[in-house]
Amino acid sequence: MKKTATPKLRLLLSNDDGVYAKGLAILAKTLADLGEVDVVAPDRNRSGASNSLTLNAPLHIKNLENGMISVEGTPTDCVHLAITGVLPEMPDMVVAGINAGPNLGDDVWYSGTVAAAMEGRFLGLPALAVSLGGELFRYYETAAKVVYQLIQRIEKDPLPPSTILNINVPDLPYEELKGFEVTRLGTRHRAEPTIRQIDPRGHPIYWVGAAGPEQDSGPGTDFFAMNHHCVSITPLRVDLTHYEAFDQLASWVKRLEM
């Protein structure tokens, strides 16, 4: 009996560091063994763009010589356009990254990398965001290998509905990783103060202060896993409803007067 070949995946890759980022190129090359890889990414660095979607201006795209597609927009724009009109075929999964720098704790609220994955899930596809820890960014190949493994696992055991995975990988050789940990989001202390300066024309300008240091970073958190050289895998829900607050809110809503 002739065996039927297992259909290859069609993967959509995006990021927030821009279409020319090293992490994106390494990820695309590594995942090519799994199937067809389409890359649709911002034309420049869009870190911190969160879930912003361009609604009041047209978006220009450019087909690059390497086959990637550059979008004059945010990470969310890229994934939205790719899935709803730019790509000739629907992808099977969205992968965002590899981000240059971790997305831990409160970072996920601002991260364009996480937002790109979230947009994929909004549009009905399994999705994950992957970030490389540290500051030197030497081992993108490690993060790419981790993603390769996770995609193979997700194929066999799909993610729960309305869930994406936020993956953070230590900047280490693969053989030095201590394992995989399923984690919750930690928290940071309040951000550093805004920095006020004067421009050459005498006008005040402001720089957003640095992210605050780790606060809730104990066992079970994404911070803890990364600090102990483990890959952090945090499931994030698209549904932001705080169901545990329903009873409390219902009790005082009854006392409101119209």
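Heads up, the Cβ atoms here are built off N, Cα and C, so glycines get one too.
The annotation divalent metal cation binding site is assigned in Swiss-Prot to Asp16, Asp17, Ser47, Asn99 on the grounds of sequence analysis. Counting Cβ atoms from all protein chains shown, Ser47 (divalent metal cation binding site) has 17 others lying within 10 Å of its own Cβ.
Long-range neighbours of Asp16 (divalent metal cation binding site) (same chain, six or more residues apart, CB within less than 8 Å of its CB): Pro42, Asn45, Arg46, Ser47, Gly48, Ala49, Thr74, Pro75, Ala96, Asn99, Ser111, Gly112, Thr113, Ala115, Ala116.
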